[in-house]
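Contents: one structure, followed by commentary.
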Amino acid sequence: MSSNFEANNNNNGEKQLVCVTGAGGFIGSWVVKELLIRGYHVRGTARDPADSKNAHLLELEGADERLSLCRADVLDAASLRAAFSGCHGVFHVASPVSNDPDLVPVAVEGTRNVINAAADMGVRRVVFTSSYGAVHMNPNRSPDAVLDETCWSDYEFCKQTDNLYCCAKMMAEMTATEEAAKRGLELAVVVPSMTMGPMLQQTLNFSTNHVARYLMGTKKSYPNAVAAYVDVRDVARAHVLVYERPEARGRYLCIGTVLHRAELLRMLRELFPRYPATAKCEDDGKPMAKPYKFSNQRLKDLGLEFTPLRKSLNEAVLCMQQKGHLPLIYPVPKRAYL
């Protein structure tokens with residue numbers, strides 16, 4: 001991270017109160033950790049703050065003095081207003097990963113509630129967590145086109161292919177942008193891709209479970225497909241970075257690399273050769289898919305440096321071993337991941 005970013009954080013973060021929705025999730029937990037490191041006072045929302053699944057947040061450095069958890073639901077506007085009271089900024093991270101048909105209207109209503117509650121309580125700046133599912137799902141995009149902040153997924157294509165999570169993130173992001181403009185809120189949108197790296201929470205999330213299933217060979221084959229990846233710590237830093245830069249508005253594509261699933265599996269096998277990792281590619285009769293071009297320049301221009309995927313995968317697996325989600329079938333190297 002650049003020295004300018006460090007200085008920015010140290011000067012602006014001290015004593016400021018911000019709220020993080022979905023604080024106990026994979027990304028939300030790292031956003032909370034990053035904010036605490038930077039000196040912020042943090043209020044995290046959860047449906048049940050006393051639930052043991054949120055206990056890891058209270059163990060973070062600085063949590064005793066500067067972290068509080070409160071009960072809030074994105075579908076309950078009154079609970080959001082209470083959570084945002086006295087806050088300078090809001091990080092709207094909360095978002096389930098599913099293909100539930102009800103996800104789209106719930107995501108839209110929840111996002112509208114968050115933006116309006118923030119405006120009602122005098123919050124000036126909101127950072128919204130979108131997804132590259134709102135950006136890259138477009139079958140008509142040229143193979144030579146560069147994926148950047150101007151790109152949007154094709155809603156009808158996502159709907160027809162049952163990618164309802166992508167539909168939900170598209171509509172939620174559009175809602176956030178429209179509502180923020182109406183209410184005069186400053187809005188920055190972080191658009192992360194498949195997020196890798198170590199967990200702070202105890203339970204597996206979508207992407208860590210994805211890695212575990214491939215490493216254990218539970219998935220018998222992998223698709224002839226490419227995907228975009230980014231480290232969860234880079235995603236958290238991106239959130240804080242765009243929050244702290246007054247000029248940062250609009251979308252910020254948060255992608256570290258794009259590669260074929262075969263390359264991901266090759267990395268896993270090289271790092272952890274004793275696991276029975278998935279080795280067979282699904283035969284779809286098509287040539288091997290090629291990685292697409294992308295631009296993460298907007299975040300690089302703000303000082304963000306991206307973590308190599310190999311490091312993210314290594315530390316994700318070590319973390320899952322330490323938390324008991326993967327068997328220890330060979331001596332684990334002593335490496336810190338936090």
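Just so it is clear, glycine is given a Cβ too, placed from its N, Cα and C backbone atoms.
Copied over from Swiss-Prot, here are the features:
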BINDING   22-28, R47, K53, 73-74, 93-95, Y165, K169, 192-195, S207  NADP(+) binding site
DISULFID  C158-C166  disulfide bond
ACT_SITE  K169  active site, proton donor
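Feature map: annotations from Swiss-Prot on the structure.
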| residue | record | Cβ neighbours (10 Å) |
| --- | --- | --- |
| G22 | NADP(+) binding site | 24 |
| G25 | NADP(+) binding site | 26 |
| G28 | NADP(+) binding site | 28 |
| D73 | NADP(+) binding site | 17 |
| A94 | NADP(+) binding site | 24 |
| C158 | disulfide bond | 21 |
| C166 | disulfide bond | 25 |
| K169 | NADP(+) binding site | 28 |
| M194 | NADP(+) binding site | 20 |
Cα-to-Cα gap, G22 (NADP(+) binding site) vs C166 (disulfide bond), nearest whole Å: 19
Euclidean distance between Cα atoms of C166 (disulfide bond) and M194 (NADP(+) binding site), Å: 12
Inter-residue C-alpha distance, A94 (NADP(+) binding site) and C158 (disulfide bond) (nearest angstrom): 21
Secondary structure of G25 (NADP(+) binding site) (DSSP, helix/strand/coil): coil
Rounded Cα separation (Å) that holds between K169 (NADP(+) binding site) and C158 (disulfide bond): 11
Cα separation, C166 (disulfide bond) to G28 (NADP(+) binding site) (Å, whole number): 19
Pairwise Cα distance for G25 (NADP(+) binding site)/C158 (disulfide bond) [Å, integer]: 25
Coarse DSSP state, helix versus strand versus coil, of C158 (disulfide bond): helix
